[in-house]
Amino acid sequence: ALHEFPNDIFTNENRRHGAVVLHVLCAVYMFYALAIVCDDFFVPSLEKICERLHLSEDVAGATFMAAGSSAPELFTSVIGVFITKGDVGVGTIVGSAVFNILCIIGVCGLFAGQVVALSSWSLLRDSIYYTLSVVALIVFIYDEKVSWWESLVLVLMYVIYIIIMKYNSTIHHLFERKTKNSANMVNGLANNTEMDDNSNCDATVVLLKKGNFHRKASVIMVDELLSAYPHQLSFSEAGLRIMITSHFPPKTRLSMASRMLINERQRLINSRTYSNGESEVAIKIPIKHVVENGTGPSNAAERGVNGTRRDEDIAEAGNETENENEDNENNENDEEEEEDDDDDDHEGPYTPFDLPTGKIEILKWLFTWPLSFVLYFTVPNCNKPHLEKWFMVTFASSTLWIAAFSYMMVWMVTIIGYTLGIPDVIMGITFLAAGTSVPDCMASLIVARQGMGDMAVSNSIGSNVFDILIGLGLPWALQTLAVNYGSYIRLNSRGLIYSVGLLLASVFVTVFGVHMNKWRLDKKLGCVCLSLYGIFLCFSIMTEFNVFTFVNLPMCRDH
């Protein structure tokens, strides 16, 4: 593979005497560059595309969002098929798949800071389809070559996965009906409807009660609330109600409660305008509405937020209309100031001409300066309102940068592997896999810390389905159908079969472990998953170095 890239400025002798460290630093910088381009430019442009195409969240998540988080693996695979013509792409995808399942779930369990409840439906849906994908991959690569129809089957399986996601809620309802043991389902809709029948109360009261129903319940998703109360709540209202529960940090809860307060205030003013001076009617309606919309708090913090809100509303209802308007304007100004304050914290990419505050931020800014300078002039930031309409340019240019950085990364890793006498597959399974999956790991951990275990696990397993079916299937299909029709993709390493077999075992072990742990993600499960990842790495490396059986020819060397 080394000879498929441009010549290195260092000789092999130089690299052995320490120059290889420069290549390692360059590869690490490329990992960081990929994370920045994906998170700050590529994913926002995909979100804009989803908005324009009016895709539902499930379909968007399964297609464009998965592509966003798995772009480095996809381009590594493309480079492995078309440039290095080796196993680096397959190695990276197999390695990152195991990393995503064992390491990400392990890290989430250890560092989430709470016991995170998981719903059986989303985990079973993703892992069953993922198991089918891995079985298909094992069948296709068993003879060490892949034909055009095999690669096409992988791509078509992904199309079926998108259709399943499209009708996810319908299938979920059928699954719920078939499953008698609904008590085990922390996130099940069955509990939601039962509770609604018993108490005949509004959506938020159900939400807050359910927050305490299980001691450490996970957050109820917005779409569940909407499907339970189809004509009562808009999407934004359901979102606000969810964000005032105890699973979110105090700052978020306070700002969401204040937004709800502003909405109530606005409604109050409107009702006063239409009531032709009948102040009593105008006072009664909004207060009743507020009480219904969640002044049934389940813990002290919520009692504080909701109680204050009710008192303020009662006080405002007694005021004159002029004071009402004045208050409203002041509160809106406060809200704007709060948003400005939020904007001051570093969000989005660094700009090369604005020095941030704080020593650590300045060090980060200096470290990323060459990168932010290049991206500032070549990729428009479509998060900014005045550049929003340029989202297609952002999409195209960030795709090119991801391809360029992936090329540099694979080139550096190939040189490092060649210098240290490590096969391409091992570099893919270990170094490249961990490097390309670290952004995913961080995203899942942030989500798990907020109590949303399902989203964290779905992110890790869902991006694996994309990696295997599109990350491998698409480059193989292009090579065997478009570039050289009727040709075969040949795999050099026999050991890949064992690694993919271990990948299948890791899914079974994870799902079995979660089931045995009563569908909870905690430190015990986290430790088990991380130790299993260590065992997988040891086994894969020993297999590739011909410890158990002969799978790899020795590395060629320059004499």
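Yeah, the Cβs are placed from backbone N, Cα and C, and that goes for glycine too.
Heads up, TrEMBL stuff is auto-annotated, nobody curated it.
Among the features that TrEMBL reports, compositional bias 'Acidic residues' is placed at 316-346. The domain 'Sodium/calcium exchanger membrane region' annotation in TrEMBL covers 24-165, 391-542. The region 'Disordered' feature in TrEMBL is assigned to 316-351. According to TrEMBL, the transmembrane segment annotation covers 20-38, 89-111, 123-142, 148-168, 399-418, 425-448, 468-488, 495-515, 530-553.
No contact links the transmembrane segment (468-488) to the transmembrane segment (530-553), because fewer than 3 Cβ pairs that are 6 or more residues apart lie under 8 A.
Ranked by number of Cβ pairs under 8 Å to the transmembrane segment (89-111), the listed stretches 20-38, 425-448, 495-515, 530-553 are led by 425-448. When Cβ-Cβ distances under 8 Å to the transmembrane segment (530-553) are tallied for each of 20-38, 148-168, 399-418, 495-515, the top count falls to 495-515. Distant neighbours of the transmembrane segment (495-515): 87, 90-91, 94-95, 97-98, 101-102, 105, 118, 120, 123-124, 127, 130-131, 134-135, 137-138, 141-142, 425, 429, 521, 525, 528-529, 532, 536, 539-540, 543-544, 551-552; these residues of the same chain sit at least 6 beyond its ends, with a Cβ under 8 Å from one of its Cβ atoms.
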